[in-house]
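*Asks:* I grabbed these lines from TrEMBL:
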BINDING   ARG51, TYR185, LYS191, ARG312  substrate binding site
BINDING   LYS191, HIS210, ASP247  Mn(2+) binding site
BINDING   LYS191, HIS210, GLY226, LEU227, SER228, GLY229, THR230, GLY231, LYS232, THR233, THR234, GLU275, ARG312, THR438  ATP binding site
Amino acid sequence: MKTLKFALSSEGKGRTNNSAAELVEHAVRRNEGALAATGAFAVQTGQHTGRSANDKYIVSDDETQSQIWWENSKAITPEQFDRLLADFQAYASGKELFVQDLFAGADPTYQLPTRIVTELAWHALFIRHLLRRPLKAQLEGFDPQFTVVNFPGFRADPQIHGTRSETVIACDFTRRMVLVGGTGYAGETKKSVFSFLNYLLPSKGVMPMHCSANVGNDGGSAVFFGLSGTGKTTLSADPSRTLLGDDEHAWSPDGIFNFEGGCYAKTLHLSAEAEPEIFAASNRFATVLENVVLDEDRMPDFEDGSLTQNARSAYPLEAISNASETGRAGHPKSVVMLTADAFGVMPPIAKLNPAQAMYHFLSGYTAKVAGTERGMGSEPQATFSTCFGAPFMPRHPSVYGNLLRKLIAEHGVACWLVNTGWTGGKFGDGKRMPIKATRTLLNAALSGALANSPMRADPVFGFMVPTELEGVDPSILNPRQTWSDPSLYDATAAQLVEMFNKNFAAFTDYVDQDVLAAGPVLSAVRAAE
Ligand SMILES: Nc1ncnc2c1ncn2[C@@H]1O[C@H](COP(=O)(O)OP(=O)(O)O)[C@@H](O)[C@H]1O
Ligand SMILES: C=C(OP(=O)(O)O)C(=O)O
Ligand SMILES: [Mn+2]
């Protein structure tokens, strides 16, 4: 089937592949936001300050019908997509548009030439930072194999377009186009590219991953899986390691590579002390500050969460001093799974055997806390998002799970589970794990030192938990002992284990006995009571 192209007027053609400086000028001229005193460009997205996962649709056709995990995705027909595309074209007529021709994927073998068409100059600036910028010579004869069109001003009509609301993210993977309308959140564009690669690459034997990645001085790379807010961006920016990327990578027979060429960091409470690299990158010319409040002196106020808790900064990887130039590295030495456990049950770090790694990869556990989402009570809420990124995984989790399992076995990778969430009690009673402790434990895991430290087997989860490490207060290593009331810990652990078990029931038909047996054991909690 034919790859769709978006028809461009002469205005759109005239705004193709503008540089960052040109895009800042356009954004200022069009009054799309405000220049900060640092030279960053600050914008507000209005109603949508995060992704609209419930407004995403995938075209079901002869090809995708049997390929997509439909329990996780809503279907539309090719005819519905055609109608939407016609209406997007009509909406574009006479408008000034911005076009960026970029690559998704640092490895030339798998690189996807991608065209992004936007209504807003700052959206073009955002995606120019986030994807990989071709060399001038590569732009001659650039033939896009995938297109994302993002029109925040477009309003979908549920009657006409069959949508749930005025917001729409419509993905035609066969004809290689995504249409985004009715939302200003820039993250939709990058995650649309990610979703398509997650569809495309497994058929080529390549494992796409929602993870950050970095490389140690010994050449050993590490990937950090995790849902939003678990620490991918924060922990991958480590001055002692080379940063590959903060969000989207793939593992091919030749090693790992970044899909992107930039980062998209959360800025609420960002400080120069705790996160110097990200702070510096957020305070430079042309960085996009999304829903960050500027003070009277036009300085960003990273403490102000009044627009959203999900305020963001988008910058190219060059803005981080120790970022990789190639975006590529060898096979990972370590796989880390990050969870922000607001129940305070998980230890700060645990060593996983391959079956446990598969169990936790398919579970994709983290927890949300009150305050970050409207309508949430005071109790933490468990989230299980398979492959640590269900909203971006068009195929069945077993596809990604089997690929990962094979790669971990083939390359003898060490796997770890890291809790960046709560210690000393659940959310409300305990406190967030200190970043310093997380980093110390993590670096010992990545260097190989931690694997040789004394460990105990956790009676409930079965994984191995270190009992001591120089530079870390040993009392935080055993979560049960950090709670003032151990029986309350047991009750909370039992609650969490039940949620794990209930969630994993969906996978029993797809995994081997060893993976099934790698989950937490409820009776083991009760035995400890
Ligand atoms: N121990 C910790 N480890 C990692 N992040 C932590 C920790 N404690 C607090 N945080 C905060 O949690 C947030 C993690 O978000 P981020 O790194 O953007 O996650 P992701 O990239 O996975 O969405 C950051 O704001 C960070 O400052
Ligand atoms: C950009 C996003 O990813 P993350 O929060 O994982 O950085 C997102 O979820 O919108
Ligand atoms: Mn991130």
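For all residues, glycine too, the Cβ spot is worked out from N, Cα and C.
All annotation found in TrEMBL is predicted automatically rather than curated by experts.
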*Asks:* Taking the centroid of the Cβ atoms of ARG51, TYR185, LYS191, ARG312 (substrate site), which other same-chain residues have Cβ within 8 Å of it?
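*Replies:* Everything else in range on the chain: GLY50, ALA186, GLY187, GLU188, LYS190, TYR264, ASN310.
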*Asks:* Since the record lists ARG51, LYS191, HIS210, LYS232, ARG312 as binding-site residues, which of them has the fewest other Cβ atoms within 10 Å of its Cβ?
*Replies:* ARG51
*Asks:* Looking only at ARG51, TYR185, LYS191, ARG312, the residues listed as binding substrate, what is the longest Cα to Cα distance in Å?
*Replies:* 15
*Asks:* What is the maximum Cα to Cα distance, in Å and rounded to a whole number, among the residues LYS191, HIS210, GLY226, LEU227, SER228, GLY229, THR230, GLY231, LYS232, THR233, THR234, GLU275, ARG312, THR438 annotated as binding ATP?
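*Replies:* Overall maximum Cα spacing for these binding residues reaches 27 Å.
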*Asks:* Go through the binding-site residues ARG51, TYR185, HIS210, ASP247 and tell me which ones have a CA within 10 A of the CA of GLY226 (ATP binding site).
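*Replies:* Cα within 10 Å of GLY226 (ATP binding site): HIS210, ASP247.
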*Asks:* Through the lens of DSSP with three states only, how would you label LYS191 (substrate binding site)?
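*Replies:* Going by the DSSP assignment, LYS191 (substrate binding site) falls within a helical segment, counted as helix.
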*Asks:* Do any of the binding-site residues GLY226, SER228, THR230, LYS232, ARG312 touch ligand 1, in the sense that the CB is under 6 Å from one of its atoms?
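*Replies:* Correct list: GLY226, SER228, THR230, LYS232.
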*Asks:* Ten-angstrom check, please: count other Cβ atoms within 10 Å of the Cβ of GLY226 (ATP binding site), all chains counted.
*Replies:* 26
